[in-house]
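Worksheet: the structure to be examined is printed underneath.
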Amino acid sequence: MMKLSELPGGAAVHGDGNTTVNSVSLDSRTVEPGGLYAALPGTNAHGAQFAQQALDRGAAAILTDPAGRDLLPASAGDIPVLTHPAPRAILGDIAAAIYGTDPQTPALFGITGTNGKTTSTFILDALLRSIGRTTGLIGTVATVIAGQEQPSVRTTPEAPDLHRLFKNMRDQGVDACSMEVSSHALSQHRVDGAHFTVAGFTNLSQDHLDFHGTMEEYYRAKALLFTPQFASRGVIVLADDWARQLVNDSQIPVVTVSARPEDNADYRIEDIDGLAFTLRGSSVSLRAKSPLPGDFNISNTALALAMLLESGVSADELAAAAEGFSVNVPGRMEVVSEQAPRAIVDYSHTPDAIEKALAGLSGQPLVVVCGAGGERDDSKRPLMGRAAAENADVVIITDDNPRSEDPATIRAEVIAGARAAVAEGTSRAAADAIVEYASRREAIEAGVAAAGESGTVLVAGKGHEPGQDYGDTKLPFDDREITRTAVSQRGSSAATR
Ligand SMILES: CC(=O)N[C@H]1[C@@H](OP(=O)(O)OP(=O)(O)OC[C@H]2O[C@@H](n3ccc(=O)[nH]c3=O)[C@H](O)[C@@H]2O)O[C@H](CO)[C@@H](O)[C@@H]1O[C@H](C)C(=O)N[C@@H](C)C(=O)N[C@H](CCC(=O)O)C(=O)O
Ligand SMILES: Nc1ncnc2c1ncn2[C@@H]1O[C@H](COP(=O)(O)OP(=O)(O)OP(=O)(O)O)[C@@H](O)[C@H]1O
Ligand SMILES: N[C@H](CCC[C@H](N)C(=O)O)C(=O)O
């Protein structure tokens, strides 16, 4: 319970400042009796337009901007209203105060970067559990509190939901929480009021330019995590030039991780043997094994280990866990068929991820089934097609989640990138090995058929997603299930030949 007059952020209180609130929500549909409704301006609507619903659900007060106050219905009557020119910017601190967020409990590990956040947080969580911690996990695929899983709506929840999760974690005895911090979340103040014991950076490559406009702005959003407001120290994988820039720009102490000797990183990935490697720092030498295939998962594992070491966990404590832990990250390099053909489902939905996922696979031929999402950075589409053509023998282009866009147009943009690679002579796939299927199911079946007995098929883009979004319709669709069926049908038709 907090009195309105005691909430942080300096909002002007119109009405009784002694009114107390017990919860906060920025969605009128989830407001609880006695709660504060944050009516925020958005791109589609102003939250104040939904104030009636919040009042009907028992809201005790409303936080909004001056424009929102003017939009409130007459029925709002005597309900106290807090106004602030930028209510989103004070919402995190308000939510932290209402839910009693404690910077130490749980200890927060936050990971940002274009690719690898989900995988690295799962690895971090598995390591924390194997050294006996009670853990929490927040990210794209799942939200877990001391072993109890609940569905995730976003990669990083909105501030009111986030601070409520921290409270639930404290109530359940969680002492360490690994979470993904998206660039959208940093831009939209969703993690305000949270403080990370250690922040991690995986890499930065093209994505989300629809939201950020330029790579520089996208980088700036990610770099916010490396400021004293959000974190005490950081670990940066030297994956690209943006990472090197972040080492310079970081406003908190950071250490680096790299497998390249010339990088002279603080934590060096050495003696790689398959998925096993040694993480060497000035005073540690830790033998470890990535629990997942792909070179990039060695880097994700090294990041997780370095973050734990930087948080104060000792190398001795980690030694047994590091060499022998397992983790299943749904839809991330998930092997759905070991052979005939080998089939892998992976959430690669950026040019870099498609390139890296294919680079880690062998098989003759190597086939990729991919597409691009609608209402997302359209400039990445040709680059995804190019990455597919340059790294696979057969490229099958199909729909991802078209959302409200025309699916054929999206496919054409992806195909244009693949064909450009052929025209420029950089393609591994021949021109006639770039094919299009509107139906994702047929595309997967064709991919499995093309890979045949000895090949490998990568089904990229949708990973763990349970459905395919076409306009307002979400069709049930699980790449893993469809791929498994396609492989078994190929097997039975091969057996009857
Ligand atoms: C670009 C973006 O992130 N937009 C988010 C933002 O939308 P917005 O500010 O435009 O809100 P709006 O739709 O105009 O609505 C205005 C206000 O009315 C409220 N409202 C709306 C309807 C209603 O019935 N009642 C109600 O109270 C909304 O909660 C909102 O506060 O605030 C909304 C409320 O929380 C979010 O649902 C919405 O996420 C959209 C749907 C989204 O798709 N976000 C994605 C891109 C995203 O955030 N992705 C990242 C991961 C990216 C990565 O891969 O790294 C993530 O962290 O999940
Ligand atoms: N360190 C890495 N470098 C490059 N690519 C990676 C790395 N880790 C994972 N990937 C690729 O990126 C895909 C997405 O990985 P993951 O889900 O872990 O990232 P993410 O940052 O959580 O993505 P999103 O925010 O979109 O959910 C994987 O399926 C894999 O193909
Ligand atoms: N977090 C990413 C996921 C993209 C997944 C892909 N299947 C798509 O729909 O584009 C996004 O919202 O951009």
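Each Cβ is built from the backbone N, Cα and C atoms, and glycine gets one as well.
These numbers come from a predicted model, not from an experiment.
Copied from TrEMBL, the annotated features are:
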type: DOMAIN; residues: 21-98; note: domain 'Mur ligase N-terminal catalytic'
type: DOMAIN; residues: 111-307; note: domain 'Mur ligase central'
type: BINDING; residues: G113, T114, N115, G116, K117, T118, T119; note: ATP binding site
type: MOD_RES; residues: K222; note: N6-carboxylysine
type: DOMAIN; residues: 331-463; note: domain 'Mur ligase C-terminal'
type: BINDING; residues: R376, D400, N401, P402, R403, G461, E465; note: meso-2,6-diaminopimelate binding site
type: COMPBIAS; residues: 485-497; note: compositional bias 'Polar residues'
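Annotated features, which come from TrEMBL, shown on the structure.
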residue: T114; record: ATP binding site; DSSP class: coil
residue: K222; record: N6-carboxylysine; DSSP class: helix
residue: D400; record: meso-2,6-diaminopimelate binding site; DSSP class: coil
residue: G461; record: meso-2,6-diaminopimelate binding site; DSSP class: coil
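For the domain 'Mur ligase C-terminal' (331-463), the model's average pLDDT works out to 97. Rounded to the nearest whole angstrom, the C-alpha distance between the residue listed as 'N6-carboxylysine' and N401 (meso-2,6-diaminopimelate binding site) is 25. Close to the recorded ATP site, the chain also has I111, S120, E180, T202, N203, N300: residues not among G113, T114, N115, G116, K117, T118, T119 whose Cβ is within 8 Å of the site's Cβ mean position. In this structure, E465 is the one among the binding-site residues D400, E465 with the smallest number of other Cβ atoms inside 10 Å of its Cβ. Note on proximity: of the binding-site residues R376, D400, P402, G461, E465, the one nearest N115 (ATP binding site) is G461, by Cα distance. Taking a Cβ distance under 6 Å to any atom of ligand 3 as the criterion, the binding-site residues T114, T119, D400, R403 reduce to D400. Listed binding-site residues: G113, G116, P402. The one with the lowest count of other Cβ atoms within 10 Å of its Cβ is P402. The number of other Cβ atoms within 10 Å of the Cβ belonging to N401 (meso-2,6-diaminopimelate binding site), over all protein chains shown, comes to 25.
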